[in-house]
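Participant: The structure under discussion is supplied below as structure tokens; questions concerning it will follow.
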């Protein structure tokens, strides 16, 4: 007869009316009993012939993709002018005095952050925007381009202008100026000798400093005159209008420009498309503009050749239209859905490209991308705004993968010890936290995103048109991309983006200037940054608590008024460092703080309500007697594992599930096992904070017997049959807890000390977890353990009791600030349980 749930509870000693523990508990360590129970609950039967179930409620296999939903009305979030102050260390020192070694080290890591992967794989521009929404290809293309443009305007991206230069917006950092070692000198030569125009001091070539001579030429039509190659070569020796551009030997490569991406990437849908190339890769140093009076710099890539008057068409003859978008203007409409109807809507479509406020030199950057991008909802609760997902997973794959640095995350007990107190709490929201941290420009060539332009994107995705070779282009080929779908999409998008449609239809390559999400280095750097800032805040306000996990920053103070003044001071400090906070998202929690998925109050920690609801839902949908795919089990264990510390039996209860995942076998829930788990998770107990104290109770064991020292009392007992030493030590600890009720026990066994009972026989692990819940252990060396003699059967010998002080740990949660204890503002008779009374020591 299968084991009933009631019987199983009794077996695990979870009911009150269990027999004496010294008899019942050792039985649970018996292998035979564990095996019989596993068979009864159908836990051991891993090989099943029935087909597996691949979906339980919302849980599907780990690698099945949930199809994201496209929203044509997504808003692109705005990014305020985020600029982390470069002298952040000095500012912190003014605020709090000299920084500790740890704070210094962490802040240096991100000023600037560096990223040097072993191998970088470059992908063609077509892979720049992922075709994630096949139904909304054009819409997604423009929304993504607009998002990237917004990021570039906000100073978060560099725009690749040529192989060795990039432009950006926003305030420059010193390391962005250091790149130009030599002086960049523009020279235009006149007949009466050279006159150097705009000598540049080392540093950034800024828009304003380029001087009117160049700026005026930049303002002229981007589609400037196209020289005839033959004439140009013929005039090359002529001295009269010759121009020299002198650049000190430096990483600019050849002066002037190559047409971007001469390789197959760029057979874009345009003729020798000066302006198309120009947008993907701006000519070096604003094409090192050096032209004789009155001629626009064509920007068309020829090795810094200049065009004397008679060799090139003059401006009045009209520019040569080599821009895919503008070519439609002069063409005959091919149908009522021809794109020329849209292009003829307005006269001035604006420039083909935009350029940043500053130009810097970069290491060699190919006209390629290293990761694809696409848009998704900002979060499950906010579907009106979009979020850019960047896929740089190439750096985490294969044998060239980068091993990202590890960093400490506080475990549940450390977090509770630290934050469980009767403080008032408030949490701050750092807006676009990742985009605060600057990257060194040398990392730019490894983190490239972009797109190959609308013409090519549409050509690649529409079945009837082929990607046309630039050389043999006819007007008919131009119309290959016209279709009703494209026409309707563009008409709708015209209402949103207006003349920006033209700008966005050009190719572009952008590199990250701030750390992107989607690279394993970013979470590490963000954690280092926020923990250093919180450490500074804690030292500045020693009677308060500031703590962070990634971009989640919480502040605690003893009263609400105190908290508000702390909030004002900290906000002012963070803003002075250039950290942008989102005041609308500041949450005041009162005395129970919501943080990292937990609710933390003076009573301890529990999971947040939405997680509890998810668990209830999971059990409602969980099928019985049907094999469930192990990948789905991974999902279930992920959810249940989060709340396991709050249940009676903890992680050991999930061991059968872990075993099936390891064996990559399906798991079948028997009615009893499901009922057992369900009841475990319906009643959650808070995890309380550990208190410091003096250890009075000691336990020890040998394979054959156990001994306890409770105050001055000694006890001993023997096991029916010899047990493995770890099992014996665990039993002794359980006896000590049940006999004395003490929450602090001394033991010399490291496994018991670790409080991980998953490696013990299954039934014993479950029972011991419940008996020892909320117990703290202190390590006592065997030689000094007062329970050592009783465990060996010697009751007559008394070793003196040790004065063993127990200090709860806050783990490696970077509380490097030693905080002085604060006199309580409450009356003395009220015990103020706060981590603030305990001076923090570095771990």
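Cβ atoms here come from the backbone N, Cα and C positions, even for glycine.
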Participant: Given that Swiss-Prot lists 551, 552 as binding Mg(2+), which residue among 429, 629 does it place in the same site?
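Facilitator: Site partner of 551, 552 for Mg(2+), according to Swiss-Prot: 429.
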Participant: Within 10 Å of the Cβ of residue 552 (Mg(2+) binding site), how many other Cβ atoms can be counted across all chains shown?
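Facilitator: Residue 552 (Mg(2+) binding site) is surrounded by 16 other Cβ atoms within 10 Å.
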Participant: Please report the three-state DSSP label of residue 551 (Mg(2+) binding site).
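Facilitator: The residue in question, residue 551 (Mg(2+) binding site), is coil (DSSP, three-state).
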Participant: Let's check the environment of residue 551 (Mg(2+) binding site): how many other CB atoms sit within 10 Å of its CB?
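Facilitator: Excluding its own Cβ, residue 551 (Mg(2+) binding site) sees 18 Cβ atoms within 10 Å.
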Participant: Same-chain residues six or more away whose CB lies under 8 A from the CB of residue 429 (Mg(2+) binding site)?
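Facilitator: Residue 429 (Mg(2+) binding site) has long-range Cβ partners 551, 581, 582, 585, 586, 587.
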Participant: Residues near the Mg(2+) site, 429, 551, 552 excluded, by Cβ within 8 Å of the Cβ center?
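Facilitator: Along the chain, the qualifying residues are 427, 428, 430, 433, 548, 550, 553.
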Participant: Can you work out the mean pLDDT of the predicted model over the region 'Spacer' (178-346)?
Facilitator: 45
